[in-house]
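Structure, as structure tokens:
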Amino acid sequence: MPVSRFAVFGHPIAHSLSPRIHTEFGRQMGVALDYLAFDVAPDAFRVSLEHFVAEGGYGANVTLPLKEAAFEVCTTLSARARRAGAVNTLSRVDGVWHGENTDGIGLVRNLTERHGLDLRGRRALLLGAGGAARGVAPALLDAGITEMVIVNRSPERADMLCDALGEPGRVSARYWGDLGDLGNFELIVNATSIGNTSDMRTFSLPRSLLDSMTVAVDLNYGSAAVPFLAWAHAVETRYAIDGLGMLVEQAAESFSLWHGRRPDTDPVYTVLHSEYGVPGRS
């Protein structure tokens with residue numbers, strides 16, 4: 001019986017833990033699979049997918065900066081992916097690509113089930129409006145966030161995300177320069193790649209964003225999460241959480257879509273957190 005082929009596409013991709021996570025899930029569930037990583041620039045993504053299919057590829061995860069490009073290659077989309085305008089999970093169904101987005105449910109599961117947080121009634125600040133932000137925003141709203149303010153260095157993209165979410169009474173877009181005038185938030189989510197370019201000694205956000213209950217969450221993990229979480233520690237947010245748990249949970253959702261069974265995430269998370277987790281408070 002041939003081994004099923006899966007992959008993760010991104011640019012860069014060398015840091016990705018997805019091959020290891022899915023291999024561990026397969027071992028746990030008794031599923032034989034081959035999971036590869038492909039470093040692909042956006043302009044080569046569609047052709048790379050065609051080669052992947054020709055070589056027996058069945059499903060793929062998609063990370064930055066390809067999530068919106070993945071949305072465009074899909075013939076069918078889940079309601080979550082359509083609402084997000086971004087895809088992180090591709091499945092080959094009847095000769096075409098079906099797109100799903102498991103980022104949001106992965107984040108919510110990590111925050112509510114692993115860290116015991118209640119998201120209902122919270123005021124949230126979402127930093128970023130790209131593929132990562134698009135993936136998590138709908139799920140945060142569905143989890144009960146009362147108000148979401150989206151801030152992005154390119155205000156046009158923030159406006160586009162607000163329009164896509166379709167909830168003008170709960171979601172608004174503001175300029176990055178307005179951060180000091182927005183009041184405080186119970187949840188601050190970093191969905192930018194600023195951790196890849198910022199020195200942890202210079203990254204900062206206004207203290208006026210905080211109250212005594214503020215939870216700071218970075219969708220990145222490892223070294224990319226250090227600047228944001230270092231700031232969170234310095235200003236003493238109530239909790240500071242990196243994106244490793246979300247990564248494992250969204251991977252489990254993808255695995256379930258492909259194989260019909262959801263693996264136990266705790267053993268995989270525990271091992272990876274001991275190796276890659278950024279020290280935090282939770």
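Heads up, the Cβ atoms here are built off N, Cα and C, so glycines get one too.
For the shikimate site that Swiss-Prot gives as SER16, LEU17, SER18, ASN88, ASP103, TYR221, the extra residue drawn from THR63, THR192, THR237 is THR63. In Swiss-Prot, the NADP(+) site is described by GLY128, ALA129, GLY130, GLY131, ALA132, LEU219, and among GLY99, GLY104, GLY243, GLY245 the residue recorded at this site is GLY243.
Taking the C-alpha atom of GLY131 (NADP(+) binding site) as reference, the shortest distance to any of the binding-site residues LEU17, SER18, THR63, TYR221 belongs to THR63.
For TYR221 (shikimate binding site), the binding-site residues whose C-alpha atoms fall inside a 10 Å radius of its own C-alpha are GLY243, out of ALA129, GLY130, ALA132, GLY243.
For the shikimate site, the Cβ centre of SER16, LEU17, SER18, THR63, ASN88, ASP103, TYR221 serves as reference, and the other residues of the chain with Cβ at most 8 Å from it are VAL8, GLY10, ASN61, LEU247, GLN250, ALA251. For the binding-site residues SER16, SER18, THR63, ASN88, the ranking by surrounding Cβ atoms (within 10 Å, all protein chains) places ASN88 first.
DSSP gives GLY243 (NADP(+) binding site) a coil state; it is part of no helix or strand.
In this structure the alpha carbons, written CA, of SER16 (shikimate binding site) and ALA132 (NADP(+) binding site) are 15 Å apart.
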